[in-house]
Amino acid sequence: MSSPRPSTSSTSSDSGLSVDTTAYPEESKYTSTAPGAGGLSDENRYRDVEEGEAGADEPFLPSAKKQAASGSRTSRLIWGLVILCVAGWLWGLVLFVTQNRSAQQSVSEALQSHESGAISGSSSSGKPVTLEQVLTGQWLPRSHAVSWIAGPNGEDGLLVEQGEDQGKGYLRVDDIRSRKGDATSQESRVLMEKAIVQVDGRTIFPVSTWPSPNLNKVLLLSEREKNWRHSFTGKYWIFDVATQTAQPLDPSNPDGRVQLAIWSPTSDMVAFVRDNNLYLRRLSSKEVVPITKDGGADLFYGIPDWVYEEEVFSGNSVTWWSGDGKYVAFLRTNETAVPEFPVQYYLSRPSGKRPPPGLEDYPEVREIKYPKAGAPNPVVSLQFYDVEKQEVFSIEAPDDFEDDDRIVIEIVWGTEGKILVRATNRESDVLKVFLFDTKARTSKLVRTENVADIDGGWVEPTQYTWFIPADPSNGRPHDGYLDTVIHEGYEHLGYFTPLDNSEPILLTQGEWEVVDAPTAVDLRKGIVYFISTKESPTERHLYQVNLDGSNLKPLTDTSKPGYYDVSFSHGTGYALLSYRGPSIPWQAIVNTETDELKYEETIEDNAGLARMVDSYALPTEIYQNVTIDGFTLQVVERRPPHFNPAKKYPVLFYLYNGPRSQTVDRKFSIDFQSYVASSLGYIVVTVDGRGTGFSGRKTRCIVRGNLGYYEAYDQITTANLWGEKPYVDETRMSIWGWSYGGFMTLKTLEQDAGQTFQYGMAVAPVTDWRHYDSIYTERYMHTPAHNPNGYDNTSITDMTALQQTVRFLVIHGASDDNVHIQNTLVLVDKLDLAGVQNYDLHFYPDSDHSINFHNAHRMVYERLSSWLVNAFNDEWHRIADPVPDDSMWEKVKRSLPMLVN
């Protein structure tokens, strides 16, 4: 990480922490301060969240009045016993009433007795954040996705807008230059007048639209049905802009469900996939030409299978048109050897099929081809379709990986039939880049990187390689491409030219990293735009650099913390710049033609969100870092409103901590963690431990082969540091996470064995990496055959250690197609065998990894909230070892409800 900017921060030592002490307005994401706050005294500035209530160490006892001397020792003894009995009865009554009232109140009502007072970042009369607001998205910033599109003749600054807008039509192409005034550009046009379309007497309600490159046609999708996370099926239609009429994509099969449809660059053809076969529709006729014919349950053409969709492409397409429309490249995926995993649905029918009569009460079972770690992977190969010759062909690659050891991660078309193919071995630590020539039908290996030898790490399956065509008049005599390369322990931009050159021109370097780069390239000016962490691992700023590596400079304000992303117009003359935090997010269209960004139009200022911030008592976020074993790790601490440093607060740790992930960043966010701090009054801490991204390869790659060990150590060490703080109650500490965070919760509790964390909440956890999919798992763990000890070490196996915690909670969706319920069931069996009972378990029927079937999503968070309150109220201590009690005291307690009611 680069040093903090001296103008805004300094570094100090606090309990072994290296702390970023930036002034509050830049420390917190929220800068709304109530008027008059500065006039409060130190005594009044901090208010106890539960001020006025009896503290845990100050039990309510009635004051004893001095009794007159009776002269009789017996009398004094009797009166003393009577007083003690009455006092005991009153104490029991108080406890019962308090507990009964607490049980009847909601979690928020029970714990949000805030005293009014102003602090930095919170309104003096502010209301606490509610769970309802978080779950219904009321705190989400408004944002707009701009769909930039190239004009038919390469015009720049055009964008597609969908939705009724003051009679301007449903689907429009607008010229950004005409939006500021009343003038209408020649390039602005209406593509669809209305949101509904009539086709042969049928009413079509499009849910998605894709204009053709020449803007004369629009591809429409209706009746969309979800498949997996990114994939779906639907019915497709071709809409004619001139006549405002539509026809089926396949006139001979209008009701056929299509899995993918893509325009050709020449706007006269559509490639589409149905029933796992690839087809071509020429708009000049109604005929549909099958490109492949043997697709089916085990063979996929043009679309990914489950594991490639989830772990490689994060999308539903593995079909790529060449720029001139003469070729279609696509992947052939053979799943024949991949084992199946059954996912059961007890209430729903994802297939849409009714069961046969008499079988209505049986669950629907969906058999998914799911390769677990060590199991056979799908065999993937690249094929091509010559549009003119109407033939499918393949090109053999020299020095290619074997079929069972190949993962194709990216395809990039160049010019003149050239195509770059990036592939890795099964364990994702050797990268090979091939150059194919579809005209000559030849190929060669142009680059190999053995990442295992470089730093012991892995190759992430990203798709950001950018082809740079030759332009001798502009200083580019040869074709080339931009790719991310490892340089001195950090990921930077490299420019490879000619295409077969294996040594790049470094465009960036230093102890920081580029992120999903490049973002855009201005070929006319020879400028590369990219987002990076140059200022801080938790920030994102926009930069530009020339193709020769000169003139690197920021385009966003780096004088203060910021988190930006950007999307450029087709010609890079304009961009949608999105500021995500730490202050109120905004979006603006900017002009990039000048040396400095010129703001053309603000399209979102989130004024409503700003008003909410002024009205609510939000947590204060303190960004810090800790140094553990020489590694600098980013931390954010969320303090409750009216934070009182003299009070002892419970602490909840929230984590994800998956490889290359990031949770601690400067984006504006009001989420479940914010609710816990604001409404429940607890401190919430997140530390991005080793293995997470954007702090260099050394920090990231150390976890390879032993997931969970260093990450858990970092959580425990940080929790111990927090436990030493005077305002932290080290006897009430919990940790929670979802998915990889669920695994990390259990792994941390296992490694800690109750020494630091008393509680934990794990949602949809992996408990044994042999149960998770091969491509993700083996990237970080190698194969089970290669690393058997690593798999043993990283599994949740020490039930005795889990028994040392006070209590933990495990939640899982019963129909999770990603992290199978098998993970939790295997864990439960281990707990049963060990006789461990200090846990709670809840399953949600028919819910996948997101747990949202029926009312499940709300119920998950309500359960997490109430369970956490019970934990920090010491309820789990009370029920740890239940025994029958028929004493007189218990009988009196059981009689109290009648007296109360």
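Residue positions begin at 1 at the first shown residue.
Quick reminder: no glycine exception, Cβ is built from N, Cα and C everywhere.
In Swiss-Prot, the annotation N-linked glycosylation site falls on N625, out of N100, N625. Mean pLDDT across the topological domain 'Vacuolar' (98-901) comes to 93 in this model. Taking the C-alpha positions, the distance from D816 (active site, charge relay system) to N625 (N-linked glycosylation site) comes to 35 Å. When other Cβ atoms within 10 Å of the Cβ of S739 (active site, charge relay system) are tallied across all protein chains shown, the result is 19. When the Cα atoms are compared, N793 (N-linked glycosylation site) and S739 (active site, charge relay system) turn out to be 19 Å apart. Ranking the recorded positions N334, S739, H849 by the distance of their Cα atoms from the Cα of N625 (N-linked glycosylation site) places S739 first. Taking Cβ-Cβ distances under 8 Å and a sequence separation of 6 or more, the neighbours of H849 (active site, charge relay system) in its chain are S739, A764, G813, D816, D817, N818, V819. Taking a C-beta cut-off of under 8 angstroms and a sequence separation of 6 or more, N334 (N-linked glycosylation site) has the following same-chain neighbours: D298, L299, P378, V379, V380, S381. Cβ packing within 10 Å was compared across the glycosylation sites N625, N793, and the lowest neighbour count falls to N793.
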